[in-house]
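To keep things clear, I will list the structure first and then write my remarks on it.
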Amino acid sequence: MFEYCMARQFVAGVDEVGRGPLAGDVVAAAVILGEDHGIEGLADSKKITEKKRDALFDVIQERAVSFCIARASVEEIDELNILHASLLAMKRAVEGLNIQPQYIYVDGNKLPKWTYSAEAVVKGDSLVEEISAASILAKVTRDREMVALDEKYPGYGLAGHKGYPTKVHMDALKRLGPTIIHRKSFAPVRAAIEQMNLF
């Protein structure tokens, strides 16, 4: 049940995915649904099945008034830190909309530096349908990228854990060392680099 219900003609929702992983970009999406989108089943992207997310990914793009998927790269994450890189990705997503939003809801408790009228909403992906839609676009995009990267960098299990620090991933880092898609500013990756330099 979505609680934030202001007039929705040009209200955007923004969310990002990929703060916690040790590898890959952080991906953000911004979505303006409009008042009569008729999309059923919107919910926090982490709480619905992959099959349902994939179906909604297509429906959201077909029916949204406007959407944009953006990112901050591994290099930007290492240079700026993950929080500022996440905010940068969200800012890029909003700037990529082909319609200027009248108001923006951002998932979380921090807003990017911008001049838009906006509000940060904690657990917004379950309270604001535009944020939920953005969450789905960002998660499906990033998950698919990690599956593709798993083929390019085999042995790390990226398709399964999507870059998160699971036991499989941590063991692979120790065994194989990090790749160029690993975030060197994250402690487990730094530790793996230091370990490789010992030999």
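The backbone N, Cα and C atoms fix where each Cβ goes, and this holds for glycine too.
Feature annotation from Swiss-Prot assigns domain 'RNase H type-2' to 9-198. Per Swiss-Prot, divalent metal cation binding site is recorded for D15, E16, D107.
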Subject >> Neighbour-count leader, CB within 10 A, binding-site residues: D15, E16, D107 >> reply: D15
Original post:
Roughly where does the domain 'RNase H type-2' (9-198) sit in mean pLDDT, to the nearest integer?
Top reply: 95
